[in-house]
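Accompanying notes for the structure given below.
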Amino acid sequence: MSDIIYTKVDEAPELASASFLPIIQKFASAAGVSVGTKDISLAGRILATFPEALSAEQQQSDDLAELGKLVKTPDANVIKLPNISASVPQLVEAVKELQSQGFALPDYPEAPSTEAEKAIRAKYDTIKGSAVNPVLREGNSDRRAAKAVKSYAQSNPHRMGAWTGASKTRVSSMTGGDFFSNEKSATLAKEATAKIVLETATGETVLKEGISYPAGTVVDATFMSAAALDTFLAQEIASTKEEGTLFSLHMKATMMKVSDPIIFGHAVKVFLKPVFDIYGPEMADLGVNPNSGLGDLLERVKGKPEIMSAIDACMNKRPPMYMVDSDKGITNLHVPSDVIIDASMPALIRAGGKGWGPDGKESDTNCVIPDNSYAPIYDESIKFFKENGALNPATAGTVQNIGLMAQKAEEYGSHPTTFEMPAAGTVKMILDDGTVLHEHKVEEGDIWRSASTRKAPIEDWVNLAISRQKAEGIEAIFWLDADRAHDAELIAYVTPILEAQGVADKFQIMAPREATRASLETITKGENSIAITGNVLRDYLTDLFPILELATSAKMLSIVKLMNGGGLFETGAGGSAPKHVQQLMEENHLRWDSLGEFCALGESLKFLADAKGNEKARVLGLAVEAATQGILDNGNSPSRKVGEPDNRDSHYWFARYWADALATQSDDAELAAHFVPIAQALASGETAILSELAGAQGPAVDLGGYYHGNAAKTAAVMRPSATLNAIIG
Ligand SMILES: NC(=O)C1=CN([C@@H]2O[C@H](COP(=O)(O)OP(=O)(O)OC[C@H]3O[C@@H](n4cnc5c(N)ncnc54)[C@H](OP(=O)(O)O)[C@@H]3O)[C@@H](O)[C@H]2O)C=CC1
Ligand SMILES: O=C(O)CCC(=O)C(=O)O
Ligand SMILES: [Mg+2]
């Protein structure tokens, strides 16, 4: 096993790795540190899942399973880049691409009927959605901007859209019948095994059994009423029209891979209700599944002029939709994975509450977030900025995050226990001693789910918060709502730990809405705050605050202290930036910023030094910090436009500053001597390297695939400087 594992992923970060990883490996080898890779890309995971369909040479090891084991050991030191959490349309596209490359994979069965098809579908379902992070995240998260990154953002403030009190932008959420209002929660006094059953007029169906929980687990159950959801969506479509704003739906169909695609499908059906009323059965025969989005629907009905004109007529009566790409006519409802709430809401808020309409113009927007559990944070942010104007990144303080995520905590681990109700009845969660832990009366189509949070992760999270607060000495708020069933159970854990450690006076506990306002007031004054949150708010806040403070969450440092002693270093908090790939393919410019990778690399090397007593790794790690500072001080981050320096230029500069720092440090003479000639070669090659990199930009490039690119073609595109390659080798 290598000392450090660097993950092979998808899209923009994977392209960046083609340029950056050879530099890391070259530099690390000088200190005897090996950096290996493990493939967690969507294509890699598909290939690893169907060995029986592939030839011996085509077969691929199950790297995710191996990593899943590694992160439970003290030896883990993993640098994790963002990977695709695939929606069904993305999964289908990736399978088609692999098939076209000669991999005889089975088609994704949209409507499996035979046992064989059901088995294939079950295998594909394991790959769907957020299937990587929950496996690797065997610890809680500490996400923040490194001090150098934050001060750079303050002295080089990014553009912010203006907010005025006249903005018609708002958040709309259900006022009842949602997950928030139906939630029940209990903490198990002893370990238990549970089953989930649905009792109907005709009998009992077991939805799931053999779910085992250790003592102290917080177990929640809740449901969203399909009827209430449809009524709410219809009302919001109508009021958006009246208000003259854009209709937008924000959810997390990737990470909430079972519940949210269903909610998304309801939005598609309600938006096109007149069409579904008449042509529903015919569209079903054509294989239309509203959960896959409008894009898939239009593709399937394009040969049916009658349906197409009914769709046009309906759309003309509807409010304009918030667009993903107005030039290409891609709406919010086209693909469930195009609009992902953690990134989409902050971008809209940063822009002054504006979204892009079908006319290619910016407009105020109704942000529909059906469930009311976490929507208040966006609602309150919008209210705050309407009252106070946009945040000023030059003077704003920062909000750090300590997130409870270990062992599939809370909603993000709820997929195996989420069900769309096949019939009306009563859902019961029954323990092995016969206790009915939770029960709900449901109607057909309601979305019922249970989530759980284990004791050890909760305690680890509270302790992580205590040590972070101690290190920073700043405001620290547990974002927990005493009036919400689940949060009340967590508070019952938090308060005694704080009291036992004598630090209760250093922490506040506030409901998300109040915590949002308090934190915005704090950073507006230029002060800092630590948000200590559950898993969903961890995800939301670590895009929201960075996007407002730093323009992007890519620059975040994301440390996961694994509960069994290892380290997982996630880069940034953002995603895999598909539109960056498109730009690279069209004009050979990659605007991906690797600052997240730089920060993670420094932490990983320092962790290696501490864990293994490897002092050379410490020297490398400290030099990484100097190099990162050099990138910021000298403005070497990538630009957005073709012809300007891009990701590859920033890697050259990073290598240069890294080599300089190593050549001039005095902690390790051997390393210094090794890097003197490398530093000299990088300096004397500057003109040639920069002109070779610049010369590559402009024309379209061929990567040999989107999901499963050709390694040699990608390397040729991402490493166009012969002078640099000769130094790096
Ligand atoms: N940890 C993980 O594995 C994560 C994975 N994802 C996955 O990523 C995919 C895309 O998600 P999406 O929500 O669109 O989010 P992205 O973060 O990929 O995209 C949002 C925008 O953020 C900006 N951005 C993000 N990262 C960088 C970077 N390193 N450098 C510069 N700009 C950056 C870009 O905006 P612009 O260019 O306009 O400035 C980008 O278009 C999905 O498949 C999703 O599931 C998402 C989040 C985390
Ligand atoms: O796993 C995913 O799909 C996304 C993860 C994410 O957005 C985050 O952790 O911030
Ligand atoms: Mg996120």
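Cβ coordinates come from backbone N, Cα and C, glycine included.
For the NADP(+) site, TrEMBL gives Lys80, Leu81, Pro82, Asn83, Ile84, Ser85, Gly575, Ser576, His580, Arg591, Trp592, Asp593, Arg640; the one candidate out of Asn133, Asn140, Asn156, Asn710 that the record lists there too is Asn133. According to TrEMBL, Asp539, Asp543 bind Mg(2+); the candidate from Asp342, Asp359, Asp364, Asp371 that the record adds to this site is Asp342. Among the recorded positions Ile84, Lys252, Asp342, Arg538, Asp539, Asp593, the ones whose Cα sits within 10 Å of the Cα of Ala131 (substrate binding site) are Ile84, in sequence order. Per-site Cβ counts within 10 Å over the binding-site residues Asp539, Asp543 peak at Asp539.
Cα-Cα distances to Ile84 (NADP(+) binding site) place Ser130, Val132 within 10 Å, out of the binding-site residues Ser130, Val132, Val135, Arg538. Across the structure, Lys80 (NADP(+) binding site) and Leu136 (substrate binding site) are spaced 9 Å apart at their Cα atoms. Checked against ligand 2, the binding-site residues Ser130, Leu136, Arg137 give Ser130 as the ones with a Cβ under 6 Å from it, listed in sequence order. A Cβ distance below 6 Å to any atom of ligand 1 is met, among the recorded positions Pro82, Pro134, Lys252, Tyr412, Ser576, Asp593, by Pro82, Ser576, Asp593. Counting only residues at least six positions away in the same chain, the Cβ atoms of Leu64, Leu67, Gly68, Val71 sit under 8 Å from the Cβ of Val135 (substrate binding site). Filtering Val132, Arg137, Arg143 by Cβ distance to ligand 3 (under 6 A) retains none of these binding-site residues.
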